[in-house]
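Q: Straight from Swiss-Prot, here's the annotation block:
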ACT_SITE  Lys33  active site, proton acceptor
MOD_RES   Lys33  N6-(pyridoxal phosphate)lysine
BINDING   Arg118, Met283  substrate binding site
ACT_SITE  Tyr237  active site, proton acceptor
Amino acid sequence: MSLIKIDQKAYEYNLRHIAKKIGSFQRLICVFKDNAYGHGAKLLAPLAKNLGVSFVAVKSEEEAREIEEFFENILILSHRPHGNENSRFIYALNDISQVKNYKQDIKIHLKIDTGMHRNGICVENLEHAINLIQGSDLKLTGMFTHFASADEMDGSFFVQKENFQKAKKIVKKYFSNLLFHSYNSAALFRGKIPEDEYCRVGLVQFGYGDSNLKRVLSLYAHRLSQRILQKGQSIGYGGIFTAAKDMEVATYDLGYADGLFRYNGRGELVLGNGKAMLGKMSMDSFSCENSGEEICVFKDADIWADFFHTINYEILVKLNPNIQRVLV
C-alpha cells in the first residue's frame, strides 16, 4: 500500500521556529483545514497541542469535530450559517447579511475585506456591521483578514496592512479584548507582527515558505511487480516510453486516483530517489526503473508543482485521505 510518512521532529522544529518568530506558542493559530493541507490533521493535532498550541483553524464543522478533543479554541473559516451552530466552536462571519442566520450566543470572528475581495466586510461598512452585531446576541470575540499578496513584492500587502489597522481602530471603540489575526504563512517572515495580534500559519508549519524550515511530508509507494523490459519494448498506455536498452523496471502502487497529477509520459518527472517515471501514469500505479520494495515518490512538493505548473498547496491537498499516514 502507498504510504505518507510525517516527520515528527521536522514538524516540531518548524513550530518552535515559528513560535520564536511570533513570540510564543500562545499567539500561534495553526491552520488544519483540508486535512492539515494533506498531512493528516488527527495525526498532527496531538503534536501541536503538546508543544503548547491551543488555537487552530479549520474549514468546516466536520473538520472541527475531528480534532476538538485537542484544542481549546477552534475557528471555522468557511461556514454557511444554518442556525444550529455548536457553541464549542468559533465561527467566521464572512458576510454581514448572514448575521440573522447564525444561532444566537455563539462566538464569532469578523472577517474584514482589506483588499482581497473574496470574503468579509469592507472597512467602509464596518461600523454598520458592528451595529448589526450589537443588535444580535452573537458574541464577537475576534477580527481578522487575509493578505492576498503577502508573497508578492508589490505595494498591495502594505495597503492591506494599513486597512486592517484602520479596522482595528474602529472596532476598538466598541469592543475590548478582541483577538486580532491578519498575518498568514506568506506574511510571517515579511516583518514584525503587531503586538496585539496572533498569527495564522498554514503551509509554513509543514516546511514551505522559508529556507530555515524542514519539509514534513514524504510520499512512498510499494512494488507490485517487476520485469525485464527489453530493448524496443514499450511500457504503459500508449507506449509513450520505449526502452533504448534492456532494463529492469517495476510497477508501484500509486496512481492518479490517489490524488496525484496524471503524468502523461512527456518530459522527465523525477521521483524522490532520482529515478524518472516511465510512461504514462495509470489510475492506480506507475512504472520506473526497479528501485526495490519501497520507493520515495517525493519529499518536496515544489518539484512536482514546478513540473505540473501549479503550486505546492495543490500537490499536497489533493493527496487522498485514504492513503495511510504515519509518524516517523
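Note that Cβ sites are derived from N, Cα and C of the backbone, with glycine treated the same way.
Here the structure is a predicted model, which means the values were calculated and not measured.
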Q: Give me the non-local Cβ neighbours of Tyr237 (active site, proton acceptor): same chain, 6+ apart in sequence, Cβ-Cβ under 8 Å, ordered along the sequence.
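A: Listed in sequence order: Gly279, Lys280, Ser282.
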Q: Considering the recorded positions Lys33, Arg118, which residue's Cβ sits among the greatest number of other Cβ atoms within 10 Å?
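A: Its Cβ has the most other Cβ atoms within 10 Å: Lys33.
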Q: Taking DSSP three-state, what's Met283 (substrate binding site) in: helix, strand or coil?
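A: Its secondary structure by DSSP: coil.
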Q: Over all shown protein chains, what is the count of other CB atoms within 10 A of the CB belonging to Met283 (substrate binding site)?
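A: Excluding its own Cβ, Met283 (substrate binding site) sees 10 Cβ atoms within 10 Å.
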